[in-house]
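Notes follow once the structure below has been shown.
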Amino acid sequence: MNRTPVGGTRAPLAFTVGLAAVAAATTWVTLLSWRTFVAEAAPVTIPLFFIGALLAAIGGAGRWLRLPLAVPLAVQVVVGAACVLGAVTGSIIPTPATITDFLTSYGDAITSAQAYLAPIPSNAPPITPILLSAGVGTFIAVDLLAGALRRIPLAGLLLLAVYSVPVSITGNGVSWLTFIAMAVGFLSLLYLVHAEQVARWGRGMGSQPGRDGEDDPAAFGVRTGAVRGSALAIGTTATTLALALPLLVPTLNVTLFEGSGPGTRQIEVADPMVDLRRDLNRGVDVPLMWVTTSQKNPSYFRLATLTRFNGDTWTPGDRDIPETQVARGEMPALTGVASATARKETQYHVRIADDFRSEWLPTTPQVSSMSVIGDWRYDTSTMDFMSIDEDVTTAGMTYQFTGVQVDPDPALMDTAVSGAASVRSAYLEVPTNVSSEIRSLAASVTGGESTRFRKARALQQWFREDGGFEYSTAALDGNDQGDLSSFLDESGRVGYCEQFAAAMAIMARIIGIPARVAVGFLNSKAAGPNQWEFSAHDLHAWPELFFPGAGWVRFEPTPSDRAGSVPDYTSVDLAPEASETPSPSASRSTELLPTRGATPDAGTATDDGSGFRWVTVVLVALGVLLLAALVLLPSFVRRQRRDRRLLGGIEELWAELRDHAVDLGLGWPHGRSPRATGAWLSDRFGATDDPDAATAERPRRGPEQNPDAVRAMDRLVEQVERARYSRSGASVDTEQAMRDVLAIEAALDHGVGPRVRRRASWLPRSLRPAAYVPAAEVVTRSSDAVETSDSVRG
């Protein structure tokens, strides 16, 4: 006779294969987020695709064949390890030579991960062994949780952790398309599992031969139609809201430069980038403001900060400027600047020309106090000052402020950790339409440097000298995506300050450094004792990059034809790096790789947080997996025992019913006959057809609540008695007995509250050595239904 698995009937083949396939596909899509770790992702993503498909086939086949869970799991581990070995060494056979080669490659991968920032350059020893091993482990864990244990929420948590790894390590964002694909896969897993469970409700009592879920696809469709609609509606609504709600939140959208154009002496600043182009191209150099200060040759007065690159242009983005942030009195502490960082405060008195109408207030980048008339406010994330009233501009006004000159320590910036956690995520956003050529160029220019600060200096040096760029105001194209690509192309490297600042800022974000663009004034000229004049031709743009401890730091990528010098802190000598850039030599000589076990010096991005902390990541991942295994172990052991008993004889089915009652905290009346035990259990039945009973903490109980379960109990008792006491050894219908046990267990489940059921599932009491505590005195349904002989087994 065909035997059925847990829950009545074996799940359809299409469901088993589909669940394994969706779990593997969702895992692979999630692992695509790890592409940011390497310059070339194909050697990782392509093998993982085929390995994931193979592991899914093994897990699905094992479940379809009803093998013990440990069997396909062991096969997956062995096959996965062999695939990783083959991908790294070229041979799936674990010989001493291949194992030695693999361990050497793995050690080199760890060294590269510790010595370089993401993405790991292609000329360094690859970190493929690490990524493949972690990817295979993820495939196996998700297949176990989703396919075998049907714990979709736990699988989702694991996938979310995998998705978050690149953000936590590199500080870079991950494509929203990857997140959407992962979310769709997760919702599909939820739908498949719960739809299959709904399709099997009630089969234990009413199924007819040839009309179960395996033989009657129409029945599955009828039962799950509502589930399908609800799941799709809920999933679509949740995903849509996740994407749409940020767009519906009210914000102040600041637009810059909507001026009247050239042809007039008046200077208007509403959109800094547009007016910067216009005023640099003016024939007449118009004085705009005069600054009185004790500082010699003040420079780099900032008008506005541009935080958002939308793929077409840089804009100020959305600003938060409530009434409490009035530009008057003491200002907030300097963002990201350590207390030990050297600084100097200077007083400035500013007078604006009548012809200079700006909704942005010129100041130094760092300000500690302000004294200005009018409704001028500041944004705490950018610390630039703006007017919220169109009628309030800078024309003809005077004001005072205290500026702060910060002298950042190059050594501190060279060892600084990632600044991603200290600033808004917007400062790391890179539009998806930024071409792969620009991304590869950023990695190529900075690939030989090991820390973020060195990479930033490399970008500055490349724009000013090594890249073959020229400064010219004749190039008046915008900083949109197409012009950016043309500007960075070897045949088009001619531009002005806006293009240099915009290009360096987006390339800095690509390599994981928070960046923004500042627009203001470059240099001043003397206009009297302690007085300095800024004019229209002094308008300038430059990038600001964030380093913890130093705050927002100015860089100068514009060639010396326009900007004569770079900041001092970007030109000082730094501590030598630990080693030269490794080459892809097969010998892996000690000259190419940092010595393993050696303590890296300040030039190596390891424990300072600027490199990969793979050891920590691996240990945390192992700890999470171990904790998950400990949490799942009782449920897993109990499930395996239940599966085995439901496929066994009548005594095993009776033992399963006993353990189920114990798990629910009902106890078990030892020393009673099967009929007396059945009567006792019937008094604890709940109504399986009452929706309120499923959620009530104290549901109504008794035989009258579930007549169908009472009849199932009577049939089961009769078969137990026949098997135990019949002299002729009458045959027992174990198929019917199994369905009766499932119906009785469902009735017992509905006789207790949801918390009791959850505890029974996760912490089954029947696994405890002293779990079988005698129950209370039996109360029977009829006087002749009880036998009290202690010799009768219960």
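Glycine residues also receive a Cβ, built from the backbone N, Cα and C atoms like all the rest.
Per TrEMBL, the feature compositional bias 'Low complexity' maps to 575-591.
In terms of DSSP secondary structure, the domain 'Transglutaminase-like' (489-559) contains 17 helix, 33 strand, 21 coil. Per TrEMBL, the feature domain 'Transglutaminase-like' maps to 489-559.
For 561-606 (among others), the entry in TrEMBL reads region 'Disordered'.
A Cβ distance under 8 Å defines the sequence-distant neighbours of the region 'Disordered' (681-709), meaning residues of its chain 6+ beyond its ends; these are 205, 657, 661, 666, 743-744, 746-755, 779, 781. Look at TrEMBL and you will find 681-709 (among others) tagged as region 'Disordered'.
The feature transmembrane segment is assigned by TrEMBL to 12-31 (among others).
The transmembrane segment annotation in TrEMBL covers 37-58 (among others).
Residues or ranges marked as transmembrane segment in TrEMBL: 70-93 (among others).
Feature annotation from TrEMBL assigns transmembrane segment to 127-145 (among others). Beyond the transmembrane segment (127-145), the same-chain residues lying 6 or more positions past its ends with a Cβ under 8 Å from any Cβ of the stretch are 20, 23-24, 26-28, 30-31, 34, 37-38, 43-44, 47-48, 51-52, 55-56, 59, 69, 73, 76-77, 80-81, 83-84, 87-88, 102, 105-106, 109-110, 112-113, 120, 151-152, 154-155, 158-159, 162, 612, 614, 618, 621, 625.
The feature transmembrane segment is assigned by TrEMBL to 152-169 (among others).
Residues or ranges marked as transmembrane segment by TrEMBL: 175-193 (among others).
According to TrEMBL, the feature transmembrane segment maps to 231-249 (among others).
Annotation source TrEMBL lists transmembrane segment at 614-637 (among others).
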Please give the sequence-distant neighbours of the transmembrane segment (37-58): residues at least 6 beyond its ends with Cβ less than 8 Å from one of its Cβ atoms.
20-21, 23-25, 27-28, 31, 72, 75-76, 79-80, 83-84, 87, 118-122, 126-128, 131-132, 135-136, 139-140, 143, 147, 166, 169-170, 440, 443, 447, 612
Helix, strand and coil counts within the region 'Disordered' (681-709) (DSSP):
13 helix, 0 strand, 16 coil
